[in-house]
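Working notes, structure below.
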Ligand SMILES: Nc1ncnc2c1ncn2[C@@H]1O[C@H](COP(=O)(O)OP(=O)(O)O)[C@@H](O)[C@H]1O
Ligand SMILES: [Mg+2]
């Protein structure tokens, strides 16, 4: 029983609001990812769960218990920090054993538990080294090992991969996912990397400026972004967002027209579509103009136009070639278009 | 930087150190092998109304001439080192031969001036240094945990005992522990003993000096540790909290290991400074019960008639050897580290 | 209070009331131990000997009945008058002023040049110079003094202020070199190297690129040079004549005559007078002193 609930959480430092009206209900064994740009309050949220930071308003429930005033050591959690927070004077073995020692787990169980964790994070060969004698990836695995040495109610991980190089990040990501599904422990994972979020999460929480923007499965977040922030934050390249007007199902903006959108809404709107959903075409396209740039991505070619003040990109066949300033037409079918309110940025539903 | 540029920048500093630190050490080594000239006596006749009486007096003219010829005195080899006011080799042999038990050997050796001073100096160094580290650490940890508006004033007043001139600081305490002073009177009241005086007993004098030493130096350790506490890596500290460590375990497993290099630094500085303990002995008028190596040298040089340069120099040499022994571990460590880097 | 709201509502930092009270109590006790002796002595310096050293009741030192009986007021300046005027403590204060000022200036000049050279030269001998400086730093000053006396007598330079100043500068050099060396290490090499690429000689680079940014380190080091010179007893007491004596040896010479009634108060007044400049120094330079004490530690 390790449901974790955050009810109307607020965090303020003086006048500055770090986290605002945050509500989350995290199910047992769920892998929840907090995703957002740097400074949006992800770490703060996680640190409040851990008890490293006080809550200005609201309640945190771990199971059925309100834990607002419990110090970290009484919360039965474990946490992996961005820079690992290893004990530099202790060996790898002792680092991993540390939580057992200070939580008064009977001594005779230590070795077995530590060795199980050591094997899970594949550090058998480095047990007697000090953290300073390890590579970044190995240190990261020590931190991971220390977190899984006992079975806590909740795992917390604050950007655990951000100090690793790109290749190691991919393999460690897989390892974390694998460990979590084996251990079946509720996990809250913080990252600013959308790919990490998409690959790991059961549910993603997208945050910005201290507020939740959208909560949903990776697919939901990707397919139906709740607002322009989520739309532009998720996906690579970012979703094209074009300001224009809609009237009777026809969207118009400088240099482009899209007909047949299924909405009764009219007035100024923001239209969005993903570069990978659209394509170039010979004629009858929705956008036509001189090409601003042509980028070869390997698996695709990306064509970009200047549209008003913004850039609009479309991914197409990897063999497609065009010259800069050559006039090219792009096809933007209505099914791939998202509509957002021009003022609030909120999603406008289409039938 | 070329050798030439390096020298151009550093020569004044090197010259000052060579002339006033290195050369004096050599001068001390040289002087230690000489002793004062023997008195040249001259027989004169003092004639009075009742006839003449022969009188023996120091021949001042002859003495002056000899002193001018060889100002350091006459050559004495290493004898000064072994005489009774220094290493006292003969006396030690005799004491060991004639004493019944260890206690007696110890008591008799404690009566030899050099050993008395050496033992006090070492006791002071090795008792005060650890106490300073322990107290400094405790104060730092506690001050770090109090509300922040108190911290500034606490640091301000804490600096006083350390910054104030040792002689002045010890006088301030000395006047207070005087049996007519406020602390002295309070102690008499506390122990219900109107004749209690910290000056009377050698043991109490030692304790007083140790207390002074801790009072004087704990602020230094405190400030160093306090500054160190501000930089304890918060990730590691927070890991330990989440891992379940209580307040003491956080200190034991995170803070103390992190501050260990600072403790080594404080220990080194304190060993050097405490080994030259001197002013407090004057400030506390403690020389009857406690003398230090530095104090011995000082009194030799202060000898009213003629300063005992030879004797002072020999004690100085022995002290210098003591300092070097004290520093050896540090020197080795530094050299090893330097070689590893190079 | 808003000030510690953040810490008290932080579950990680919360402590039991007992522990909080205990901590504050401990700090107050320490404050008392550190500061009370000075306050007590400063107060007592305005009393007569019969009050400051009261056989009857220590409370007399606070109220001061003997002082009132002798002088008619609860406070008296007799101690200060006796020390400063009768015993010419003003002369010692002046000498101290000259000595400390000169020592600080000269030490910093030499130390800045030397420390810069040590920080920028990668040759092996810099290491040995620093080690030698460490050993010199550890030498008890009185052992050095016993080396000076005889040559100084011979050269007829004993007893003068300039001799003492130079000696104190030299004794001060090891510390100054270490401190400024580690300070210059913290100034990026790029700064002077850029200047040299732009066409400066090494010395011009030092003057134009380094001197403008070195003042924080120099001020901190200067404070400690000042303290060393100001607090010195060993060297000044052995190398200066009675008339050239600085404050600390002068105070020591007062102690010889304290048997006479009232004379000990001269020493008390002189001691308090000598503490006041240090008090002011801490008041203005607390931060620099703290950073200086820890600068050596960082470098180790
Ligand atoms: N102790 C603090 N005092 C004041 N502001 C803080 C404090 N800690 C964090 N903040 C602010 O709160 C915001 C959110 O921080 P954080 O949760 O660390 O962001 P991130 O999402 O990058 O992890 C940031 O703007 C940060 O500056
Ligand atoms: Mg963060």
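Note: Cβ is positioned from N, Cα and C throughout, glycine not excepted.
Unlike curated records, TrEMBL annotations are generated automatically.
As annotated by TrEMBL, transmembrane segment applies to C:20-43 (among others). Counting residues 6+ beyond its ends, the transmembrane segment (C:20-43) has Cβ neighbours under 8 Å at 61-62, 268, 271-272, 275, 279 in the same chain.
The feature domain 'ABC transmembrane type-1' is assigned by TrEMBL to C:93-287.
For the transmembrane segment (C:98-118), the residues of the chain that approach it from at least six positions outside its boundaries are 126, 129-130, 161, 164-166, 168-169, 172-173, 176-177, 179-181, 183-184, 206, 210, 214, 218, 221-222, 225-226, 228-230, 236, 246, judged by C-beta separation under 8 angstroms. What TrEMBL records for C:98-118 (among others) is transmembrane segment.
Panel annotation: around the transmembrane segment (C:125-153), residues 117-118, 163, 167, 171, 173-175, 177-178, 181, 232, 234-235, 238-239 of the same chain, lying at least six beyond its termini, place a Cβ under 8 Å from a Cβ of the stretch. The transmembrane segment annotation in TrEMBL covers C:125-153 (among others).
If you look at the transmembrane segment (C:165-187), the same-chain residues 6 or more away from its ends with a CB under 8 A from one of its CBs are 98-99, 102-103, 106-108, 110-112, 114-116, 118-120, 129-130, 133-134, 136-137, 141, 144, 148, 210, 213-214, 217-218, 220-221, 224-225, 228-229, 232, 235-236, 239, 292, 295-296, 298-299. If you look up TrEMBL, you'll see C:165-187 (among others) marked as transmembrane segment.
Residues or ranges marked as transmembrane segment in TrEMBL: C:208-230 (among others).
Residues 38, 41-42, 44-45, 47-49, 52-53, 78-80, 82-84, 86-87, 89, 93, 219, 223, 226-227, 230, 247-248, 250-251, 254-255, 258 of the same chain lie 6+ residues outside the transmembrane segment (C:264-285) yet bring a C-beta within less than 8 angstroms of a C-beta in it. If you look up TrEMBL, you'll see C:264-285 (among others) marked as transmembrane segment.
Sequence-distant contacts of the transmembrane segment (C:208-230) (same chain, six or more residues past either end, CB-CB distance under 8 Å): 96, 99-100, 103-104, 107-108, 111-112, 116, 168, 171-172, 175-176, 179-180, 183-184, 186-187, 191-192, 194-195, 200, 277-278, 281, 285, 288-289, 291-292, 295.
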